[in-house]
Amino acid sequence: MPVIRLPDGSERKFDGPVTVAEVAMNIGAGLARAALGGKVNGKAVDTSYLITDDADLSIITDRDAEGLAIIRHSTAHLLAQAVKQLFPDAQVTIGPVIENGFYYDFSYKRPFTPEDLQKIEARMQELAKRDIPIVRTVMERDEAVAYFQSIGEQYKAEIIGSIPADQEISLYTQDDFTDLCRGTHVPSTGKLKAFKLMKVAGAYWRGDSNNEMLQRIYGTAWAKKEDLDAYLHMLEEAEKRDHRKLGRQLDFFHMQDEAPGMVFWHPRGWVIWQEVEQYMRNMFREFGYQEVRTPTIMDRVMWEKSGHWQNYHDNMFTTASENRDYAVKPMNCPGHIQIFNSTLHSYRDLPLRLAEFGSCHRNEPSGALHGLMRVRGFTQDDAHIFCTEDQVKDEVADFIVMLYKAYKDFGFNEVLVKLSTRPEKRVGTDEAWDKAEEALAVALRQNNLDFELQPGEGAFYGPKIEFTLKDSLGRLWQCGTIQLDFNLPERLGAEYVDEDNSRKHPVMLHRAIVGSMERFLGILIENYAGAMPAWLAPVQAMVLNISDGQADYVSSVVAELRKNGFRVDSDLRNEKITYKIREHSLQKLPYLLIAGEREMQTGQVAVRTRKGEDLGSMPLSAFIERLKSDVADKV
C-alpha cells in the first residue's frame, strides 16, 4: 500500500502500485488532463511511471519549467517522426532540448530546404492532432542494438555503445516511430500544441569535423499558442535590432573574413566605446581602484605556473621567438598577481584593487563566433581585489553597489542574481568555503537582493555571484560576476605580511561589471535598437541648414555646441530639408537642429527629437541646457 506524499504536505494511500497518471486523476480530472509528467522523490518520470513504494510526488504541468522542457523534448521526437515518414532514407541521431526550443540532427543525402521544413512542420501538426499515445519500453542492450541495426539506424546503435553499462536502455514509441531516449515525454502527441520549425544548419556528428556533416533542424515549442506568438514577435524585433546589421547601417563597426572574431571599430562606434570605458574608469576611481596595464604576450612559463597552459591551451593563441614559447593572454589575472608580487605587502595595504581594460584573445571555434557577442579579441573591464578573508563581505557589498549603479545608468533596471557554491572537487578548507559563501550571501542580503542559490556550481577555486541583465525584449545576458579565488594567489606565490608577522596568501576576487566590452556594446546596441541615449550617442545633434544663406550661422551653432562639450555635426549640402531630415532620422540621432532664415535672425534653432517630436524653435542656450540635462540624467 504505497503512501504518496504531495507538495502541500497531504498524503494519499493506494491499495497497490499506482501510476503518476492515476494519482493525478485521484487528485482531480483537471490535473490529470494537464499532467505532462511527474517528479517521484525528485526524479522526473513519465505519467505512466509505476510507483510501488511510499514516495514524494509532484505532478508536472505546463506551468512548470520542467513541463516546458518535456514539451520541447517530445516535440523533437515529433519532428523526427515526421522526417522519417517524409524522408524514409534519413537516419536519426540526437535531438536535445536547448534554450527556447530544440533541435534534431539527421543524416541525409542532401540538405533540407525551406520547402522541406514546411512539409515537415505540416506533418508534425497532423501527428499532433492524432493524439498518438507515447509508450516507454526497456530493452536489453544487445537487443536494442540489434533492433536499431535492423531498421537501418546505425547512429542509434552507436549511441547505445556509449551508454554506461549500469544504465537501462529505454525506448519511446509513437505509432510507427521508435526512438532511443532517457525521457521524460508527454503522454501523447496531442499535448504538443504550439511549435514551429525555425531553420536548418549543418553540424558534425559528435561535434567532430572529421565525422559526417549532418542536417540540424531547429525548432521552438511552447505550452500555448500565445507564448509561441510572443516568442516569434520577440524574434522579429530582435532581427530589427541585430547589432551586426545596425553596426553597418549606423557606421559603428564592421567585421571581415581576414580577421575572424576581431572588430574594426569606425569613428562613431569608437565614440560609444570610449564613453563606456571612461564611465567605468570614473567608477574605478570613485570606488578606490588603481588602473594598471599588463603585457598582452607572456612566456609559457607564466601560463604553466597559472595552470592555463595545461588546462586552457587549446583556447590560447601561441607564438614563438628566439627559442621561447609565448601565449597571448586569454585573461588578465596572472598579470595582476605579478604586479601584486612586485612589492612586499602588509595587511595594512589590503584591500588592494587593481583594474585594467585588458585586451585578451581566445581561440574560439569559428562556428561559435557571432558578431560582437562572441569574438576572439576582446577587452574586459577587469579588476582583481586582493584582500583578507575578513574583508571579503565588505568588498563584495561595495562591488554590488558599484554594479547596480552602472547597470541603472546604462538603462538596465532588472538584474537576476545567482550564487554558486562549492563543488565536490575543490581546493581550500571547508572552513574557508563556509566563510566565503556566507560572506557572499550576507553581502547580497545587505543590498536587499533576492538571489538563486546554485549548489555545487561554483568553480573549484571558490564560490561566485553572477549577475544577468534583462534587456528591452526580455532577453537575458549574463555580464557581471564576482568570483572568489583561493587557488591562484597560492599557485603564483602572492603573499602579504599579517599582523602576527606571518606570511599569508590573500583572497583574490575576480570581478567584472560589463565583462567583454565588445559584447556589452552589442547588448547596448540591441537594447536601444541603435538609438543610443544622448550621453552615449556618437553624434548628439546634427545641425541642418535650409538654404546656403544659413551656412555661416550653422557653423557658429556647431562651434558653440562643441565648446560646451557636445558631439555635434552639420549637413550643409544643397538638398531639400525634408530629404536631409529623413536621411539623418535613419541614423537614430537624439536631435536634429534646423536653422532657417527666421532662426538665424533670432539666434534660435528648430528642434526635432529622434522620435519625430517637433519641439519648435528655442534659443540655442535653452537647447544647450536641455542636452546637458539629458546627458546628466543618462537619457
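For all residues, glycine too, the Cβ spot is worked out from N, Cα and C.
Model, not experiment: these values are computed from the prediction.
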(message) CYS333, HIS510 show up in Swiss-Prot as binding Zn(2+); which entry in HIS266, HIS384, HIS584 does that record put in the same site?
(response) HIS384
(request) Among the binding-site residues listed here (HIS384, HIS510), identify the one with the smallest other-Cβ count within 10 Å. (result) HIS510
(request) Determine the Cβ neighbour count for CYS333 (Zn(2+) binding site): the number of other Cβ atoms within 10 Å of its Cβ. (result) 22
(message) Quick check: with CYS333, HIS384, HIS510 left out, which same-chain residues have Cβ atoms within 8 Å of the centroid of the Zn(2+) site Cβ atoms?
(response) MET331, ASN332, HIS336, ILE337, ASP382, ALA383, GLN483, ASP485, LEU488, MET508, LEU509, ARG511
(message) So, three-state DSSP: helix, strand or coil for CYS333 (Zn(2+) binding site)?
(response) helix
